[in-house]
Amino acid sequence: MTEKVYARNVEALKSGTVIDHIPAGQGLRILRLFQLAEYRERVTVGLNLPSGHMGSKDLIKIENVVLSEEQANELALFAPRGTVSVIEDFAVVRKQKLAIPDTVEGIFACPNSNCVSHVEPVQSHFSVRVTEHDTKMKCKYCEKVFSKDIVVDVR
Amino acid sequence: MPNPLYRKHIISIPDFTREELELVVQTAAQLKAAPRGDLLKDRLLATCFFEPSTRTRLSFETAVQRLGGNVIGFADGANTSAKKGETLADTVRIISSYTDAIIMRHPKEGAARVASEFSSVPIINGGDGANQHPSQTLLDLFTLQETQGRLDNLTVAFVGDLKYGRTVHSLAQALSLFGAKFYFVGPEALAMPDYLCEELDERGISYSIAATIEEVIPHIDILYMTRVQRERFDEAEYKKIQGQFVLRADMLRSARPNMKILHPLPRVDEITTDVDATPHAYYFEQAKNGVYARQALLSLVLNETV
């Protein structure tokens, strides 16, 4: 009996957000960068779950929290095919569309170690541009342009 | 209507429109032809050089004083509150409450942009690490206009350090607004960064890579030389490329009569001194033009109309 109840506690979400189809390996990073544990709400993380399309995937459920459109778009940098579902009363009431944002503020550190943003009281700020083969991020301060994967990997 | 640069921060060349670049160049030409001693009358400017510089600081200070303004400041960050750990943001907040504009150089990339977010007066970037040095580009553009009579459709060869040379990057970005054609000549390890080549591609600018200076000389209006810094290479590598990107007077026989040689200076050994006496050498006049270009910039930033 206890086993069954336990399973339901983990899986069912009364209200909150489910972030699904995260590429395997990115789940913990998203948790950390978006400070999802800081809300002091119940967070469930699934790692390396089987997925039909992706082989394996990560998944995050967070109770009583709805991501802003801005946060959802920033998520798209890690999980281009991710889905964000808003749950109310155990039912999906809305799917948030993920679109690569034009700018990203305060989430990533600039990979350029001589960039002034590391030592001054400012938030990091990148403008994002999607090209044919890559997504490029340009730091507002040092004006250096990086491939998205380099920026995302820095911390 | 105030001129478009009035009370603007001058941080980076990509912030400029083509019309704004032309305005600075025209104003520099006017001030060179007919000096004005009144455009900064009763104005006090700060030159905050957190990193030492010879030409840039002296040329800015000359520009201010020739226009009738006054200067306070420092030439080295070592004896300032920055040394005690004060942030640039705080330093700039205070100095901007004393003066009408701040001209600054700083070793960190992006420093001028940060300063502009905390300053109540215009910030003029005199160089931020390896990033931007817009007044150098403005004086380069003024020199191109002066020697070629136009900025449109010039053919320019950049020689030397194309990877780290901020003057090369900024001038290429600026000229891309005027439909230029470029040749890049330099060691493979110091090639033009990909992101800049992509920018040029997007603007439809044609460029090619050449192995030697000689092969481009007959085709160009401007030969823009830069220094290949020894410290970028190990000794054996440097020996291999040393001498490959050096300009000598005997290489100029096939040059067009209008062809001019520019160099942001300091020169070390990449232009031999016999070039100085040729009619193509223009780098010393270019350095002198720095004062006029900076006069133009400061006049426009601090006066509604010039």
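Positions of Cβ are set from backbone N, Cα and C atoms, glycine also.
A TrEMBL annotation is a machine prediction, not a hand-curated record.
As recorded in TrEMBL, the features of this protein are as follows:
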DOMAIN    A:9-98  domain 'Aspartate carbamoyltransferase regulatory subunit N-terminal'
DOMAIN    A:104-151  domain 'Aspartate carbamoyltransferase regulatory subunit C-terminal'
BINDING   A:Cys110, A:Cys115, A:Cys139, A:Cys142  Zn(2+) binding site
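Residue counts for the domain 'Aspartate carbamoyltransferase regulatory subunit C-terminal' (A:104-151) under DSSP, split into helix (H, G, I), strand (E, B) and coil, are 7 helix, 17 strand, 24 coil. Residues of the domain 'Aspartate carbamoyltransferase regulatory subunit N-terminal' (A:9-98) grouped by DSSP class, helix first, strand second and coil last, total 21 helix, 38 strand, 31 coil. Per-residue pLDDT, averaged across the domain 'Aspartate carbamoyltransferase regulatory subunit N-terminal' (A:9-98), gives 90.
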